[in-house]
Each structure stands twice: as structure tokens, then as C-alpha cells.
């Protein structure tokens, strides 16, 4: 890991000769910028920034709910406040909308630009939230997880013998777990699945560097189960393997408890992938498969539940089966921003 001083030198070099940095260099530049900002901030600026983070999220969620970013994204030109008020769905009072737009234009949000008095234009950052794939994350965390985040201080300061299983239970009394609530709210479930698909597309995938076919022996028949993606959501990993096994024998199975959209089911069928409703805490109905695959499942569950899931996998395996776990592992020190997910787990899933 590069030192902060090295990253700052890298930033100076970049400012002198801007280019198109690769992935690692880009992350180092962002970290260097953040270090510089942190070193320049006055205490009152730090306090104000943190105090308004919740409002930032609420304003962005309001704009998403009004379809404001989609309205701005139709054409790359300035729009008047009155024009946008008519274009939002539902239509918004132009005075309230003007206040919302002014907030979205402030630093560090910069999600719109005020080109002149009462006229607004999209930015590249704001256009991100015109896309369903990206706006789903903001919507899900605000609507579903936000109350659990708000309950975290109360939960964590409660004595051990009085503390409920998770902050989610403080925020949603009597509603069980986060995943149980998803099953009972179709709109939230669709938003969650859309966000999971988006995250999956932008995260490291083991299949990019490992050929899963290594664990599938030659001589398999059409009836043999060669790959079971347990808790596989809408099936992106099963589909990725399906592309590599076109014309080869064997059944590829996608398992999950949560229902998926008709479009996702049709996508699986078009790739000859079977979909089975399955709770990974129950006995695995598919015995002796070549590969049982778990991608980013275990960080959502406490240790005891992870052991239960693994026991079910072990009981279904034979000597020729392989267990593949694709998971996020955090170092004790110097953790990446993915550490945020750890506290997301504490708040919503009690991991």
C-alpha cells in the first residue's frame, strides 16, 4: 500500500500532466484528493459536512422519487425551474423544487449546475441517478436500511442483556429480518435485486481469473448437476458459466429464496439455466453436484448461521464435489472503503 505522501506526489504529477489513469492509479488519486481535503478542512467544516450527510441522502432520494434526474437527462441543455416542475412525476411545486435544485447544485454534491438564475443543467454525476441500475442503491439504502442505520446508536448503547438481535429489529419491531421484509415488499425486493445486479457487475468476479470448468470432470452427462449457484440472486454467475459451457453437457442451477422478475426468469431460461427456490438453511436437495458456489453470502450472516449454511453444503457433497466461496475479506488494519459494508451488515443483518 502506497504512503499518503507518495499518493500526493502522484496527484501533483497527474495535475501537471492529466491522462487516463488505470484502475489502481485512479483509486490512489481519489485517496490523495480526499487526504488533501481532510487536511484543509477546518473543524467547523468537518462538523457541518457530517451533520448534513443525512440531509444529502434525503435530498437525492427526493429527486429520484420525483424523476428529476431523468427529466434533466432527456436533453443536454438548461431547463427552467418551471419546466422541470411540470416534467417531474408527480409534479412538484416550483418553489420547493427550486430549493431542492439549489441544494443539489452545492458542493460537494454537484449533481446539477445552475447555469443562470432559475436555469439548471445536468452533470455527469447527476446523470448517474437517471439510470435505474445506479439509483436503486440510493433508494434501497434510504428506504429499507435508513431506519436501521438511525437505530444503530440506540442499539449499540443498549446493555448486552437488553439488546435486540439487530438494529433492524429496533427500527422494524416484529418484522423479523431484513430478508424476511424483502419477501413481503415487492417494490423493495425489485429495488434490492436491481442494486445487487449492479454491484455484481462492478465488483471483482472470480470467474474472470478462475476457470470453473477445472472442477467439472470430463464425461459428465446431460443429467449431471455441474454447478449450483446457492443464493445466486438473478443468476449472473450461472449465466457467466453458461457462456463458457455452450454445447457442453450438464445442468447449471440457480438457487435463491427470493422471487425474481419475469425478465430475469426468461434470461435464465434462454441460457438453459434452471431456477430452484431454496433456503440455504434447509437441506440441499441437489446431492453430489460438481460445484457448489457461494458468492458474497456469508458477510450478511453471523458466524453461527454461516456454520449452518456450510453444514448443509457439506452434507450434500461427495468426494468429487468442490465448494467455491467468493467473499469479501477485510484486513484488521488499513481496510478498504468496503469496510462500510461491515457496518451495513451490523445495522441490517447483525453480522
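Residue numbering: from 1, along the chain as shown.
Even glycines carry a Cβ here, placed using N, Cα and C.
Site annotation for S-adenosyl-L-methionine in Swiss-Prot covers 231, 232, 279, 280, and the matching candidate from 245, 251, 295 is 295.
A simple Cβ count within 10 Å picks out one of the binding-site residues 231, 232 as the most packed, and that one is 232. In this view, the densest Cβ surroundings among the recorded positions 295, 299 belong to 295, judged by other Cβ atoms lying within 10 Å. Among the residues the record lists as binding S-adenosyl-L-methionine, namely 231, 232, 279, 280, 295, the two farthest apart have Cα atoms separated by 15 Å.
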